[in-house]
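Participant: Annotations per Swiss-Prot:
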type	residues	note
ACT_SITE	TYR168	active site, proton acceptor
BINDING	SER20, LEU22, ASP41, VAL65, CYS91, TYR168, LYS172, PHE201, THR203	NAD(+) binding site
BINDING	SER155	substrate binding site
MOD_RES	ALA2	N-acetylalanine
MOD_RES	LYS53	N6-acetyllysine
MOD_RES	LYS53	N6-succinyllysine
MOD_RES	LYS69	N6-acetyllysine
MOD_RES	LYS99	N6-acetyllysine
MOD_RES	LYS105	N6-acetyllysine
MOD_RES	LYS212	N6-succinyllysine
MOD_RES	LYS212	N6-acetyllysine
Amino acid sequence: MAAAVRSVKGLVAVITGGASGLGLSTAKRLVGQGATAVLLDVPNSEGETEAKKLGGNCIFAPANVTSEKEVQAALTLAKEKFGRIDVAVNCAGIAVAIKTYHEKKNQVHTLEDFQRVINVNLIGTFNVIRLVAGVMGQNEPDQGGQRGVIINTASVAAFEGQVGQAAYSASKGGIVGMTLPIARDLAPIGIRVVTIAPGLFATPLLTTLPDKVRNFLASQVPFPSRLGDPAEYAHLVQMVIENPFLNGEVIRLDGAIRMQP
């Protein structure tokens with residue numbers, strides 16, 4: 001007999017990078033569907049303001065995902081406030097565009113820049129995964145044995161990295177690579193792990209580009225030939241949460257784009 005689809009209503013979700021972009025859109029959707037959201041983002045973000053806009057079912061938990069102490073404090077705050085954590089959505093990340101070697105400038109990619117991207121995107125994601133798994137593991141399992149769901153954000157750059165994306169592609173490729181082994185690690189305690197690899201989305205990073213550039217990027221998407229809407233990412237997050245058999249998978253959400261150099 002198939003397991004019943006689980007509603008997001010009543011669930012508690014921690015969302016990193018929750019003050020803007022994909023993270024904020026996810027928080028809005030989940031709260032709108034009756035869930036509670038904890039916006040985990042850096043202290044100088046708009047997290048406090050955005051949480052207040054979303055009402056009593058949302059709070060801001062300031063933390064840098066690279067800090068064990070800060071993330072643990074944020075998770076403790078969430079559990080003390082709401083009693084448990086059912087879902088974690090990892091959206092926090094940064095990007096740089098630096099060539100490995102720039103011939104005209106006679107300039108090499110600095111290790112500091114490479115390490116910074118890896119530290120936030122890859123290590124930061126794993127830091128949240130490992131700590132939130134410890135909290136979810138204390139939940140009472142549902143009828144299907146599930147205690148929690150962890151959803152990570154990679155990128156199509158994990159598969160078709162562009163010029164200047166060595167660090168970014170490495171960080172997102174790492175997230176893709178650790179999805180299955182972590183899903184297997186956490187399977188015995190009933191925690192699912194899924195990664196979404198978005199294509200070109202209308203996030204703050206892209207909306208600041210000139211119209212000409214954005215229109216060109218949108219034209220590269222086969223269908224629909226436009227930038228993705230963050231609400232579409234949030235919709236997929238909800239679908240992942242609600243489908244109990246979806247585990248250990250990386251899902252491309254990209255309008256069938258396959259980036260060329």
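Here the Cβ of each residue, glycine as well, is placed from N, Cα and C on the backbone.
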Participant: I'm trying to understand the geometry here, so how far is the Cα atom of LYS53 (N6-acetyllysine) from the Cα atom of SER20 (NAD(+) binding site), in Å to the nearest whole number?
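Facilitator: The separation of the Cα atoms works out to 13 Å.
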Participant: Can you name the residues of this chain that are 6 or more positions from THR203 (NAD(+) binding site) yet have a C-beta less than 8 Å from its C-beta?
Facilitator: SER20, GLY21, LEU22, PRO230
Participant: What does the structure give for the C-alpha distance between LYS172 (NAD(+) binding site) and SER155 (substrate binding site)? Integer Å is fine.
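Facilitator: So the Cα of SER155 (substrate binding site) lies 6 Å away from that of LYS172 (NAD(+) binding site).
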Participant: Tell me, in order along the sequence, which recorded positions from LYS99, LYS105, TYR168, LYS212 have their CA within 10 Å of the residue listed as 'substrate binding site'.
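Facilitator: Within 10 Å Cα-Cα: TYR168.
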Participant: By a simple count of other Cβ atoms within 10 Å, which of LYS53, LYS99, LYS105, the modified residues in the record, is least packed?
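Facilitator: With the modified residues LYS53, LYS99, LYS105, fewest surrounding Cβ atoms within 10 Å: LYS105.
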Participant: Sequence gap of 6 or more, C-beta under 8 Å: which same-chain residues meet both conditions with respect to the residue listed as 'active site, proton acceptor'?
Facilitator: ALA95, VAL96, VAL117, ASN121, SER155, ALA157, GLY161
Participant: So if I draw a 10 Å sphere around the Cβ of LYS172 (NAD(+) binding site), how many other Cβ atoms end up inside it?
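Facilitator: For LYS172 (NAD(+) binding site), the count of other Cβ atoms within 10 Å is 29.
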Participant: Using all protein chains shown, find which of the binding-site residues SER20, SER155 scores highest when you count other CB atoms within 10 A of its CB.
Facilitator: SER155
